[in-house]
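One structure is given below, represented as structure tokens, and several questions about it will come after.
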Amino acid sequence: MQSNQENSKKGQYNLNKLQKRLRRNVGEAIADFNMIEEGDRIMVCLSGGKDSYTMLEILRNLQQSAPISFSLVAVNLDQKQPGFPAHILPEYLEQQGVEYKIVDEDTYSIVKEKIPEGKTTCSLCSRLRRGILYRTASELGCTKIALGHHRDDILQTLFLNMFYGGKMKGMPPKLMSDDGQHIVIRPLAYCREKDIERFAIARQYPIIPCNLCGSQPNLQRQVIGDMLRDWDKRYPGRIETMFTAMQNVVPSHLADADLFDFKQIRHGSEVIDGGDLAFDRETLPLQPSAWQPEEDEATPARLDVVQIR
């Protein structure tokens, strides 16, 4: 009995620490990129996955203590995928007392009609979904659209573009939408996926599976994700350091002539960003600069995904 109580106290203690870290990460991202301003109405895109549930809860939590006033409205797009449990999100949101809107649009049929059997449908589905969400944001009078992408998503996108697209391009924490009418924010930009997963497990969110459409998985993204997870296990701190590198770009030491004017470097030019250090072996720390020891964790749990029958 006493052992169960101790485990319960330890579990609650770890959950509180985890929530504080997620709050801090989200708060720092909001401040660094000026994501939320006085009077904003934020459309929180809710898919039923661990990331969007966590984003909604942390934003609601911050809303109570923020020095500015802003409102939230959760939006889910029901794309009429076979077996989609349409009751899950309304029941959860009503229980939580969250303002919400469910948008019903049968994009599934459109995608199935346009994309040959066996081919990935993600690209077309994403474009259709994006347009509907932009329209919905306008209808609801929202000034910002919040998406649940986290730090691992951003790094995966960076490596996908480097390996397959020949670009140094990631996923920005804040951007202007394709139509130039909406500001899109990613409040979880500083959050680790493993923290989000642990938080979602502890909160017992009613997770909706993401493969209801039957689409083929994005194998390239899957390979990159596996690579990053392997690095995270074998080289603790590497992921943190790579993300820090994305925030410390030195254009003069890359090779993009559009980003830096190399042609103007001549005899007598000033030394820029330390000059040429190519022949000097820089002293690097034994541990990655952003490395932090892991906190004590109980036996790894698993997300309780809603069973679709």
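Backbone N, Cα and C atoms are what each Cβ position is placed from, and that goes for glycine too.
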Under Swiss-Prot, which of the candidate ranges 5-10, 47-52 is annotated motif 'PP-loop motif'?
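When 5-10, 47-52 are checked in Swiss-Prot, motif 'PP-loop motif' belongs to 47-52.
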Taking DSSP states H, G and I as helix and E and B as strand, how many residues of the motif 'PP-loop motif' (47-52) are helix, strand and coil?
3 helix, 0 strand, 3 coil
